[in-house]
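**Q** Dumping what TrEMBL says about this protein:
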- 7-26: transmembrane segment (TRANSMEM)
- 38-63: transmembrane segment (TRANSMEM)
- 75-97: transmembrane segment (TRANSMEM)
- 117-135: transmembrane segment (TRANSMEM)
- 147-169: transmembrane segment (TRANSMEM)
- 189-212: transmembrane segment (TRANSMEM)
- 224-246: transmembrane segment (TRANSMEM)
- 278-304: transmembrane segment (TRANSMEM)
- 311-331: transmembrane segment (TRANSMEM)
- 337-358: transmembrane segment (TRANSMEM)
- 370-398: transmembrane segment (TRANSMEM)
- 404-425: transmembrane segment (TRANSMEM)
Amino acid sequence: MLGNKDTAVLGMMVFALFLGAGNVIFPPMAGYQAGSHWLAAALGFIVTGVGLPFLTLLVVAAAGNGEALSRGLPAWAATLFWCALYLVIGPTFAMPRVVNVAYELGALPLGLPTHDATRLVFACAFGACGLWFMLRPGSLINHIGRVMTPALLLLLAAVAAGVLVAPVSPVGATGTADALTAAADGLVSGYQTMDVLGAMAFGALVAQMLALKGVTRSRDVARVTARAGLISAVLLALLYLCLFYLGATAGAAAEGAANGGQILARYVDALFGPAGSVLMAGIILLACLTTLVGVTSASAAYFARTFPTLAYPRALVVCSLATVVVANFGLDQLIRVTVPVLFLIYPPAIALVVLHALKGRLPAPAFASALTLPVATLLGLADALNAAGLLDGALLAACSRLPLFAQGLGWLLPSALALALSALLPQARRLARA
């Protein structure tokens with residue numbers, strides 16, 4: 001078992017892995033829109049944006065790797081699902097976006113010229129920096145948990161102190177009807193971070209890091225991961241509360257802002273003056289770097305396990321090169337393709353996590369998977385087609401009748417119903433035979 005100090009370091013590493021630039025940028029806008037109901041919106045966001053990934057992290061780490069969740073699927077379906085997941089959260093979409101965010105919100109405010117050549121040089125340098133850390137997997141905990149995360153927390157604490165002590169404006173008027181509506185909006189927004197996919201990757205990475213520290217028994221892995229994950233969840237929840245409050249008190253600083261990144265940058269400038277640009281750049285660059293290192297490491301590890309001829313270091317290099325290339329060419333086109341793919345794989349991903357977590361309590365786990373996963377996948381396909389603009393006519397009208405379909409959650413209640421039926425039907429059959 002790890003000591004308390006090492007567990008705390010691991011918890012901070014997990015916190016930094018989850019803290020991508022999007023997790024810093026989105027809450028200020030949501031808080032601004034919620035206004036006086038910012039706390040209700042933040043709590044709703046935390047339930048799905050922190051609670052679901054935390055559950056996923058526990059399930060995956062206890063299982064050893066994410067692929068254990070799909071053992072009941074046909075081999076081709078499991079391989080297709082995991083390849084799509086790791087490609088989308090890795091080198092074909094999420095990581096190129098992370099590099100672009102680091103460039104636009106982290107590097108440009110420091111005075112770098114806006115030019116395609118500058119973007120290419122930055123992407124290469126940023127990717128090379130990440131690769132240097134990734135080629136030393138045994139020291140990831142030390143690098144991220146002991147160095148990068150404390151530095152990131154220090155910068156975030158400076159912003160949090162400024163927001164709490166001297167908010168830019170009073171809490172603004174609400175843009176939602178009541179606290180319940182704000183909480184519901186927060187629940188949907190937290191779901192739409194899709195951090196469950198990252199947790200499916202990070203759970204395997206945490207198990208790998210623990211194995212290097214000599215923690216290999218599944219019970220010990222689950223216990224350490226639970227403690228480290230709880231540290232991460234508490235830190236994330238506190239950060240989200242602060243960022244929602246920041247948005248709610250942004251006032252004039254948020255007027256005309258296109259996204260939460262602009263609100264955060266303006267707020268930091270108002271609090272700290274010229275030093276605010278440096279502070280903001282440090283937060284964005286560190287948040288992006290830790291996410292790049294964690295996700296790319298997990299993606300490369302999966303491809304190395306799945307394709308034995310592709311050794312882990314080579315897989316790292318390939319993923320890093322692909323990230324740099326996509327970050328400079330064709331990202332807009334890829335967004336149109338990969339966002340629908342995210343909507344397609346997210347429902348079955350959550351279903352896999354829930355089914356695995358309940359496996360010991362379900363009377364017929366195989367039957368539950370056979371009933372629940374097709375429902376989640378088919379309705380996830382409807383959400384994906386809708387996101388791609390390919391769903392119209394009678395099919396769109398029919399799907400629109402599903403509860404929460406407009407929020408991209410049309411799959412949720414039917415899948416929950418399928419899971420409930422899968423638990424009740426075997427028991428009903430047993431009672432009928434008795």
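Cβ coordinates are placed from backbone N, Cα and C, and glycine is handled just like the others.
Situate these features within the shown structure.
**A** If you look at the transmembrane segment (7-26), the same-chain residues 6 or more away from its ends with a CB under 8 A from one of its CBs are 49, 53, 57, 94, 98, 101-102, 105, 140-142, 144-146, 148-150, 152-153, 189, 193, 195, 198-199, 202, 205-206, 209-210, 224, 227-232, 235-236, 239, 243, 259-261, 264, 283-284, 286-288, 290-291, 294-295.
Residues 99-100, 102-103, 107, 143-144, 288-289, 292-293, 296-297, 300, 313, 316-317, 320-321, 323-324, 327-328 of the same chain lie 6 or more positions beyond the ends of the transmembrane segment (117-135) yet place their CB under 8 Å from a CB of it.
With a threshold of 8 Å between CB atoms, the same-chain residues lying at least 6 positions outside the transmembrane segment (147-169) that come near it are 12-13, 15-16, 19, 235, 239, 242, 245-246, 249-253, 267-268, 270-272, 279, 282-283, 286-287, 289-290.
Listed by sequence, the residues of this chain that lie at least six past the ends of the transmembrane segment (278-304) yet keep a Cβ under 8 A from its Cβ atoms are 16-21, 23-24, 66-67, 82, 86-87, 89-91, 94-95, 98-99, 101-102, 105-107, 109-110, 126-127, 129-130, 133-134, 137, 140, 143-144, 148-149, 151-152, 155-156, 158-159, 198, 201-202, 204-205, 208, 264-265, 268-269, 272, 310-312, 314-316, 318-320, 323.
For the transmembrane segment (337-358), same-chain residues at least 6 beyond its ends with a Cβ under 8 Å from one of its own Cβ atoms are 52, 55-56, 59-60, 63, 68-70, 81, 84-85, 88, 92-93, 194, 196-197, 200, 365, 368-369, 372-373, 376-377, 379-381, 383-388, 408, 411-412, 415, 419.
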**Q** Is the transmembrane segment (224-246) packed against any residues at least 6 beyond its ends, judged by a Cβ distance under 8 Å, and which are they?
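**A** Answer is 1-2, 7-8, 10-15, 18-19, 23-24, 27-28, 30-31, 34, 38-39, 41-42, 45-46, 49-51, 54, 57-58, 61-62, 153, 156, 159-160, 163-164, 167, 203, 206-207, 210, 215, 260, 263-264, 267.
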**Q** When each of 38-63, 75-97, 311-331, 370-398, 404-425 is checked against the transmembrane segment (189-212) for Cβ pairs under 8 Å, which one has the most?
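**A** Top-ranked stretch among 38-63, 75-97, 311-331, 370-398, 404-425: 38-63.
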